[in-house]
Amino acid sequence: MAPALTLEKPVETNAFPRKAASVETSENYEGNYKFAPIEEAQVSRAMIKRYFNTMYDRAISDVVIVGAGSAGLSCAYSLATQRPDLKITIVEAGVAPGGGAWLGGQLMTPMVIRKPADAFLRELGVPYEDEGNFVVVKHAALFTSTLLSKVLAKPNVVMMNATAVEDLIVHEDFAGQQRVAGVVTNWTLVALNHDTQSCMDPNTITAPVIVSATGHDGPMGAFSAKRLVSTGLLKELGNMRGLDMNRAEPAIVNGTREVVPGLILTGMELSEHDGSNRMGPTFGAMIGSGHKAAHEAIRILDRHKVVNGKVVA
């Protein structure tokens, strides 16, 4: 678990630099609300310039996190907080980040988090009801939206959502080992339609550390773990076992690690790799596993020499 941090003060609107509008505007809600004028091309260029500048810059990243569910976002928050010098790039296949953390079990809204993971809620400023051995957030979206907003506010974090990881970059490293050296990406709509169209080649992001947090459900579930098998880096999957909350959560947190050089598995993806139990609608392990993945990523970076996104010593 990451050490407790002082809560960040909310950013006030007047802290942002403002340029004067070219014409008079008005926030009069009595029928006289006036916007500053804009050209359609200005909107397009404003988006394109920033997005593709981000793609250009993050073609080499320090850490890529695959999946923006509760484990991936917890990892991103912890990592960005501890190491603001790192370029952290989150790749999320869904249009809406958050994975399965927008609801609790069976589409119900409350979220259950076992102690001691409740410390993270206090760090984020998320209110909850204390039930003794666990706490309950009144709506899972309160936790997820708070965490997501804080992650995206970190200046060293970018997220590319609606973007799927289609493959892993695997190179022989300085020691002669096969090492995961980055990810292969594409628009999710393209990735899901390779059977309907031809020749839609992907893009790449190079990074010395990949944290895969793709869960176990859905079309992209446990993607990296499954790809390790098909590439021959892993003999077979352990396959997730049946539900046992008391066995599952500590197994996921304690088992979070670098499973092959350059690739850390976290969250429920690890259960498919290791053959551990599922825990169902309790989220403490996702927080703890994400934090441990951040610590593992820092440990890997600290013990290797990295040049242009590649581990060289």
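Each residue, glycine too, has its Cβ placed from N, Cα and C.
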Where Swiss-Prot shows Glu92, Ala93, Gly100, Val165, Asp201, His216, Met268, Arg278, Met279, Gly280 binding substrate, which of Ala71, Ala117, Ala119, Ala297 is named for the same site?
Ala71
With an 8 Å cut-off on Cβ-Cβ distance and a minimum sequence separation of at least 6, pull the same-chain contacts of His216 (substrate binding site), or say none.
Ala222, Met240, Met268, Glu269, Ser271, Glu272, Arg278
For a quick check of understanding: given the listed substrate-binding residues Ala71, Glu92, Ala93, Gly100, Val165, Asp201, His216, Met268, Arg278, Met279, Gly280, what is the maximum Cα-Cα distance in angstrom, as an integer?
37
How many Å separate the Cα atoms of Ala93 (substrate binding site) and Cys199 (2,3-didehydroalanine (Cys))?
20
Per DSSP, three-state class assigned to Val165 (substrate binding site):
strand
Candidate with sparsest Cβ neighbourhood (10 Å radius) among Ala71, Ala93, Val165, Cys199, the listed recorded positions
Cys199
